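J.: Input: one structure, supplied below.
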């Protein structure tokens, strides 16, 4: 259920940006969520609708873009796609991978008034 606290944090960012940028309403929020971020998109959508009620983001559309997980294989030097932590490198079989994408959760774009 950490999606609720994530949505509260997103709303806090929107409110801070509203004060500094001068917008009064949010129409669309586009989030990038990494495949390894342990975030359930449907739960996030549900909590976003609940948390934004009565705020500048009420009724806004939440768009979620999933960022595929990628890692750097230390032994063979290849950039590879991974499905989960501790996957083996599909090129050489090593498990010495450093994740370079797929853990993020960030606001990519806002549509505001």
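Glycine is treated like the rest: Cβ placed from N, Cα and C.
According to Swiss-Prot, the protein carries these features:
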type: BINDING; residues: 2; note: Ni(2+) binding site
type: BINDING; residues: 73, 76, 89, 92; note: Zn(2+) binding site
J.: Please list, in sequence order, every residue of the chain apart from 73, 76, 89, 92 whose Cβ lies within 8 Å of the Cβ centroid of the Zn(2+) site.
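T.: What remains near the Cβ centre is 74, 75, 77, 78, 80, 90, 91, 93, 94, 96, 97.
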J.: From the Cα of the residue listed as 'Ni(2+) binding site' across to the Cα of residue 73 (Zn(2+) binding site), what is the distance in angstrom?
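T.: Taking the Cα atoms only, residue 73 (Zn(2+) binding site) lies 31 Å from the residue listed as 'Ni(2+) binding site'.
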J.: Around residue 73 (Zn(2+) binding site), how many other CB atoms lie within 10 A of its CB?
T.: 21
J.: In angstrom units, rounded to an integer, how far apart are the Cα atoms of residue 76 (Zn(2+) binding site) and the residue listed as 'Ni(2+) binding site'?
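T.: The separation of the Cα atoms works out to 36 Å.
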J.: In whole Å, how far does the CA atom of the residue listed as 'Ni(2+) binding site' lie from that of residue 92 (Zn(2+) binding site)?
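T.: Cα to Cα, the residue listed as 'Ni(2+) binding site' and residue 92 (Zn(2+) binding site) are separated by 36 Å.
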